[in-house]
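Accompanying notes for the structure given below.
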Amino acid sequence: MKRKLKVAIIGSGNIGTDLMIKILRHGEHIEMGAMVGIDAASDGLQRAARLGVVTTHEGVEGLSRMPVFADIDIVFDATSASAHTRNDAFLRAIKPGIRFVDLTPAAIGPYCIPVVNGERHLDAPNVNMVTCGGQATIPMVAAVSRVARVRYAEIVASISSRSAGPGTRANIDEFTETTSRAIEVVGGAAVGKAIIVLNPAEPPLIMRDTVYTLSEFVDERQIEESVTRMAEAVQTYVPGYRLKQRVQFDRIDADGPIRIPGISDRMVGLKTSIYLEIEGAAHYLPAYAGNLDIMTSAAKVTAEGVANRLLANKK
């Protein structure tokens with residue numbers, strides 16, 4: 001029987017619950033050890049208990065007192081940016097070697113986008129999964145930047161209001177700041193900007209994302225091929241990730257430059273527009289919540305890589 005490492009999830013909201021179900025159903029190198037929350041009546045904790053997962057409603061303090069904590073190697077944090085800073089410090093003081101996969105915008109550790117730089121950070125004590133919008137769009141920015149120098153990249157992430165729980169809503173400012181920075185650090189853009197839209201439409205609409213880049217002039221076919229390959233790579237762990245239409249191009253020359261406030265009044269180059277749609281696997285919330293699915297899928301595949309590395313080192 002294949003050995004698996006035990007994990008704990010902090011945060012029993014939409015993201016934590018969806019992640020728990022993914023691990024229970026599809027964990028390869030990891031298995032559930034504990035589900036941690038602060039509300040005993042939350043659906044996530046109650047569902048975890050029904051599924052046979054050990055739970056606590058006393059936060060990380062409760063987790064540290066649980067017998068299973070001694071066997072926990074990896075902790076997922078699906079709370080908030082401010083809470084994650086405290087959670088990491090508290091648990092690391094007790095267990096210095098513990099690994100964190102951070103699903104908040106706290107960004108204590110390096111940004112991790114599995115298809116772009118996931119292999120690079122398997123030994124990091126704490127990795128940050130950026131944001132749902134970042135997981136969806138940064139691969140596309142990286143796809144452009146690997147064939148052309150990107151001077152500016154802007155992403156717009158539109159998610160169903162119903163899929164945004166209290167944690168997501170509390171992190172809106174951190175969402176834009178963390179995603180913008182990761183567009184630059186991981187995506188390779190000189191300057192990045194992120195916008196999030198909570199769409200109140202009923203019935204809820206599927207997650208849609210738009211990526212704009214302004215790069216040096218190159219053969220458009222190179223960018224289109226790079227984008228297609230990157231989308232296929234993301235689909236290996238998020239099957240519902242897809243290009244909504246063909247990549248669009250606009251050549252902006254010196255006769256008609258564009259102004260980007262705070263960047264330049266006369267920018268020229270190749271404008272690339274990429275339109276994405278992310279359909280969720282409906283493990284917890286319905287398929288419209290692609291924002292949950294891409295975040296939890298990216299976190300799971302990252303933790304699987306970390307666990308595989310740890311298991312190999314223990315042999």
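Cβ coordinates are placed from backbone N, Cα and C, and glycine is handled just like the others.
Annotated features in Swiss-Prot:
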type     : residues                                                                       : note
ACT_SITE : C132                                                                           : active site, acyl-thioester intermediate
BINDING  : S12, G13, N14, I15, S163, A164, G165, P166, G167, T168, R169, A170, N171, N291 : NAD(+) binding site
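Structural mapping of features recorded in Swiss-Prot.
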| residue | record | contacts (Cβ under 8 Å, 6+ apart) |
| --- | --- | --- |
| S12 | NAD(+) binding site | M35, V36, G37, D39, S42, D43, G44, L45, A48, T55 |
| N14 | NAD(+) binding site | S163, G165, G167, T168, Y284, L285, A289, L292 |
| C132 | active site, acyl-thioester intermediate | A157, I159, M207, N291, L292, I294, M295 |
| R169 | NAD(+) binding site | L198 |
| N171 | NAD(+) binding site | S80, A81, T104, P105 |
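DSSP assigns G165 (NAD(+) binding site) to coil in the three-state reduction, outside any helix or strand. In three-state terms derived from DSSP, S12 (NAD(+) binding site) belongs to neither a helical nor a strand segment and is classed as coil.
Neighbour count (other Cβ atoms within 10 Å of the Cβ, all protein chains): 19 for G167 (NAD(+) binding site). Least crowded of the binding-site residues (S163, G165), judged by neighbouring Cβ atoms within 10 Å of its own Cβ: G165. Largest Cα-to-Cα span within the NAD(+)-binding set S12, G13, N14, I15, S163, A164, G165, P166, G167, T168, R169, A170, N171, N291: 17 Å.
In the three-state DSSP scheme, N171 (NAD(+) binding site) falls into the coil class. Under DSSP, C132 (active site, acyl-thioester intermediate) is assigned to a helix (H, G or I) in the three-state scheme.
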